[in-house]
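The ATP binding site annotation in Swiss-Prot covers Gly30, His31, Asn32, Gly33, Ser34, Gly35, Lys36, Thr37.
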Amino acid sequence: MPLSRLIINNFRNLQSLDLELSPNFNFIVGHNGSGKTSLLEAIFYLGHGRSFKSHISNRIIHYQAEDFVLHARIDEGQHQWSVGIQKKRSGDTLLKINGEDGNKISDLAHLLPMQVITPEGLTLLNGGPTFRRAFLDWGLFHQYTEFYSCWANLKRLLKQRNAALHQVRSYAELKPWDIELAKLAEIVSQMRASYAEALRPEIEKTCQFFLPELEIGVSFHQGWEKGTDYAEILAQGFERDKAMGYTMIGPQKADFRFRANGLPVEDVLSRGQLKLLMCVLRLAQGEYLVAQKERQCLFLIDDFASELDPIKRELLAHRLRESGSQVFVTAITKDQLNQMQWQESEQDSLFQVQQGMLTK
């Protein structure tokens, strides 16, 4: 679902922008600090209700303003949506879809599936399991309508159980939580396992295209020993969990691991190879969504040239163009975009950014 128009007011140093966007490639060129990454951040915020750079909203609002406002028009065939979000310094958030209040961030996220590729995105590979669970859960959110409610209820029950561990004296007092928790844990873990298995050949095939010199393997770990009863594990671990003050084993510990030639990728790959593998994972997941759901996936790529050699840049650009996705790419100079053939397509848009102002 491409964005055809984007309006930004008081988002970081972007005080007032109204942009008509290409459904194909949108290139944003400017020096560091000019505001090009802030443009990607604003698009990401529209689709997630949060930033990929800061968890503190007041740092995102322009220093002379009391709020920021983002508005976009989404086009898909004969359908069109108008979406908007306002964030105030007080913390209040107003979200509208087609002029109507009462929507949730998850409603916006369903309308705007997007993948973001940034220099900080290597945490997907060298960070903790949290980042890789988020990777899996993004795909599940867009793949299965029932996943979000199961996942949200699971998080709620885990939070309640952890709080109860500080209060209960015997396991009998905790058991009602565990009955429901075990059911949801099994459901969510089965969804994760099925999705991981379906995505695995897509990842391996895409890795072969970009990294033929490496044998990349992927594996899903549900967070407790496979083939065992999670309800029994909760019961047996009660005293340990109570002593620690939280639930130590379960779906909140799940992981999606990547190995290169049999070894953990973070131990054997160079930083450039890790960057390329991260791009491959995002691309494979976005392409899988398009194939399964026949929906477009937006790609936000910050600092395109960073740590990718010209050949790999050209391969990535080729695959993105083949996918038919809407892509937003930032670069410091136009020369860094040469592998994207930006001069050759009249349907692409190129924006120059300087001190928060954009010109075509």
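Glycine residues also receive a Cβ, built from the backbone N, Cα and C atoms like all the rest.
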Taking all protein chains shown into account, the Cβ-based neighbour count within 10 Å for Gly30 (ATP binding site) is 22
Report the member of Gly33, Gly35 (the binding-site residues) whose C-beta atom has the most other C-beta atoms within 10 angstroms.
Gly35
Counting Cβ atoms within 10 Å of each Cβ, the densest environment among the binding-site residues His31, Lys36 belongs to Lys36
Once near-sequence residues are set aside, which residues in the chain of Asn32 (ATP binding site), 6 or more away, have Cβ atoms under 8 Å from its Cβ?
Ile332
